[in-house]
Every structure is written in C-alpha cells, then in structure tokens.
Amino acid sequence: MEPKEGPMPQRSLGSGSGLPYNSFVDSVSSLTPTAEDKEKPAISPRRSYVAVAVLCYVNLLNYSERYTIAGVLPDIQTFFDISDSMAALIQTVFISSFLLLAPVFGYLGDRYNRKYIMIGGLSVWLVTAAGSSLVTKSYFWLLMLLRAMVGIGEASYSTIAPTIIGDLFVGTRRSAMICLFYICIPVGSGLGYITGAGVAHLTGDWRWALRVRTLSLTDIKSYVWSSLGVTATSFLTGALAFWAPTFLSRAQVSQGLQLPCVKDAVCFCSRYSYIFGAVTVVTGVLGAFLGSCLSRWFGKRIPNVDPLICAIGLVGSAPCLFFTIFAASKSITATYVFIFFAEMLISLNWAVMADILLSIVIPTRRSTAEALQISVCHLLGDAGSPYFVGLISDAIRKSEPATHDWSFRSLQYSLVVCPFVAIVGGLFFFVTSLYITEDRKALAKLVEGAPQPQQGANSEPPIELSNKDKRNPKNNVSVNI
C-alpha cells in the first residue's frame, strides 16, 4: 500500500536536488567540491551576489549601531549621571536579549522561511534602535529596555544570515563570501565609533548618533573547544570595544591634555573615537584578510592550521594589550601603535573561526548550531565582560578619594583582565587543533556513507568523492554553524 503524500516541506534555498528541506542527502550534495559544477543553484549567480551584498550591508549597519553607544559612552554617562557598572549594563541587557533569543530564531530558521523571519526581526531592530534616541534623562530604565529589544533583531539576523550564504555558495566561493560577511563585523564596529562620535560632536547631542542608522554537538570535541575559544574572543572584544574610547579619553584627562566631562556639556572625546574607529576598520580588514590567506597558504600542508592561527592570534595579542593598557598613562601615540597590532592579531580569527565551524557539523543543523554557538559565546562572553570590567573599575575607584586621575587608573587596572583572557582563549584554540583533524575525518566518513537520491528522469547523478578529496576531508565538508 502506497503511503499517502503529505504537504510538500519547504526546500533549502541552495538545494537543487528536489529533496525536502533539511534532508541529509540534500545537504551532503553541497558539501563536495564537485557541487559547484553539478548543482543548479536556486537563484542565478548574479542574484546570489546581490543577496550577499545586501546581507553584508545589513551586517555592517548592525555592528555600526551596536558600537555607536560605546563611541558616545562618556556623553551617555554624563547625561544620565550613571556609574561605570550601570553604563555597562546597557551592553549587558542587549547581549543577554541577543543570546536568549538566538536559539529561538535558530530553531525557526531550520524549519520556516528564513527571509520572513529576518524581515520581522530587523523591523523590530529598526523601531527600537530609533526609539532609544528619544529617551529622556529620567527614563534610563527605558533605554535599557529598548536596547534589550534591539537584541531581538540582531538575534534573528546574526543566526540566519550566515546559513543563507552557506546555501547560496559552495567550496572556495562560500569561504570567500563568509570571509566578506565577517569582515563587516570589525568594519561596522569601527564605523560605529566614528559616526557616533562625529554626529554627537556636530549636533551637540549623543542621541542623534542613534538616529542616523536607524544536535549532539558535545561529541565533536573540536566544536566544544573552538566554541570556548570563540567565547574568550567574544569576552575580550566585548570589553575592549565598549571601554576603549572612554579609556583613551580618561587617559587624556589624566595627562591634562583634555578637559573632563561635565554635566550639560558635550564630552571632548570625539577625536579619540574617530581614531579608534579608524584603527578598528583598518585592522579588521587587514586581520581578516591575512587570517584567510594564511589558512589557504598553509591549509594543504598543515591540516589543523585554522585553530593554530586563532591560537597564535590571541596569544600574540596578549602582550600588545598589556602594553596598550599601561602605555596610555605615558604616551597616547604608543598606545595606538599597540592597539593596532593587538586588534590586527585578534582579527586574524574572524574568518578562520567561521571556517572551523563550517568544517565539522552537518548542514542540516546549520541554523540551530549557529544559534547554540551564539548563545554560549555571548552568554559567557560579551554579555557580561563590559559590566564585569565596569564593576571592577567601580570597586577600585571607591578605594580612594575620587579624582580624574584615579578614575582613569581604576579603569586601567580593571582592563588588565583582557590579556589574561586572550591567553586562555589561545589555549582553547590550541586544544582544538589537537582534535579537529579527526573530527573532519569522522564527518567525511559520514558524508561518504550517506544514501544518495534515487535516480529519475530529472534527477542529478550521484556525487562521488574523488580520491584526492577522500585524502583531504577538509576540502569535502564545510558547514556553517
């Protein structure tokens, strides 16, 4: 007796096999190197590149808006008359909302139309981001509530967008598009500092700065350890990105080169937000490009080169961060030099971390796995790191009478935690390098043993793995988590 046919499930955006969406065989076909030649994409190559351009542009705006707050933080603290720890809560509530909703959007993204999910989330992001700029002095709690709601939009986008790119491209093209997408993170962050401080300086009101943008994975050891490394990176970059402009401003006040912030006046920190933003943009592009190139150059000779690049980048950034923190009391020029090298070394990781995750998890759980990683790395990373640093700063500052110099010193001493986190993150990635080759081989065996679709008049022929690809599983399997 023939089984009754139910309603046709949705299909993967990049699938040409005609199999139901989330079918393992359907996803396996996009893993092999020959898929670029044999698979017919759901949309034309031109539309695929246009889609990636749009996704990258929105990612740029997302991160630009996220770090606008950090670029005008002294103005916000003066406006609401809040301490360092309370100021850091603005970022904490945003990231907390982000990480709590990421698994929800990951679950939905694996089962329903991703485009409409993103549109809904981004609509919420646009309204609440603009609403944040309308909050008055007596409603600081409302600012935090709106920033938490901004996380809804970013959770929907950050979880789903990389998986759409993974569906549109395969092989080296996918790696290049993923690299381009993640380059937008440091570029957008840097532009957030620059435009935020610039608009606040031109208008005399920081609020205008916000108005201008308006799975059993634990069995995969390399996934677990690389996620811990990503978490350490998230902790590190979250703390530095949020506090660096304020730290540089206080350093200038401590040296007598800048007037301190006072109530009902714009803080004179825009110059340092400009410079720090520009450094973030340049180092982000250079670091991501260099990390991607190193991965390609050494990938054929060193199978576990990706986590080693991440480990070297984080460990190498630790001494640069240490000198950055303590050079600020003597020379701002030297501080920027060390910031440049520290950020460039950290940025080696962006595209490479994505490639690590692309190579060890099956595609049928892309959105779910992406959501899980986002939840863990933000929960233990940048959701709390700005607040943690601010809390330490407040505790140190209360130990002596309040002065502008002591305000700088307290933040300086609290930031010392960052180099140590960088070293720990480097160790996590080093452990990842011990397991990643075996995990890739295990996934390659799973791919080789997967059932192929039945042959029909309109079906594609079975995809066979070449001997070369069997010897180098890294070329065979790439999954975005």
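Note: Cβ is positioned from N, Cα and C throughout, glycine not excepted.
Unlike curated records, TrEMBL annotations are generated automatically.
Positions annotated as region 'Disordered' by TrEMBL: 1-21 (among others).
Per-residue pLDDT, averaged along the domain 'Major facilitator superfamily (MFS) profile' (51-437), amounts to 83 for this model. Feature annotation from TrEMBL assigns domain 'Major facilitator superfamily (MFS) profile' to 51-437.
Under the heading transmembrane segment, TrEMBL lists 85-109 (among others).
Taken from TrEMBL, the feature transmembrane segment applies to 116-135 (among others).
The annotation transmembrane segment is assigned in TrEMBL to 180-202 (among others).
Feature annotation from TrEMBL assigns transmembrane segment to 223-244 (among others). Outside the transmembrane segment (223-244), and at least 6 residues removed from its termini, the chain residues within Cβ reach (under 8 Å) are 67, 69-70, 73, 88, 91, 95, 189, 217, 276, 280, 307, 310-311, 314, 317, 321, 339, 346, 349, 353, 356-357, 360-361, 373, 376-378, 380-386, 388-390, 411, 415, 417-418, 421-422, 424-426, 428-429, 431-432, 435-436, 439, 481.
The transmembrane segment annotation in TrEMBL covers 272-295 (among others). Long-range contacts of the transmembrane segment (272-295) within the same chain, counting only residues at least 6 positions beyond its ends with a Cβ under 8 Å from a Cβ of the stretch, are 71-72, 175, 179, 182-183, 185-187, 189-198, 241, 244-245, 248-249, 252, 305-306, 309, 313, 336, 339-340, 343-352, 355.
As annotated by TrEMBL, transmembrane segment applies to 307-328 (among others).
Sequence annotations record features per position, and here TrEMBL assigns transmembrane segment to 334-362 (among others).
Per TrEMBL, the feature transmembrane segment maps to 413-436 (among others).
If you look up TrEMBL, you'll see 449-481 (among others) marked as region 'Disordered'.
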Any contact between the transmembrane segment (413-436) and the transmembrane segment (307-328), i.e. 3 or more CB pairs below 8 Å with pairs at least 6 residues apart?
yes
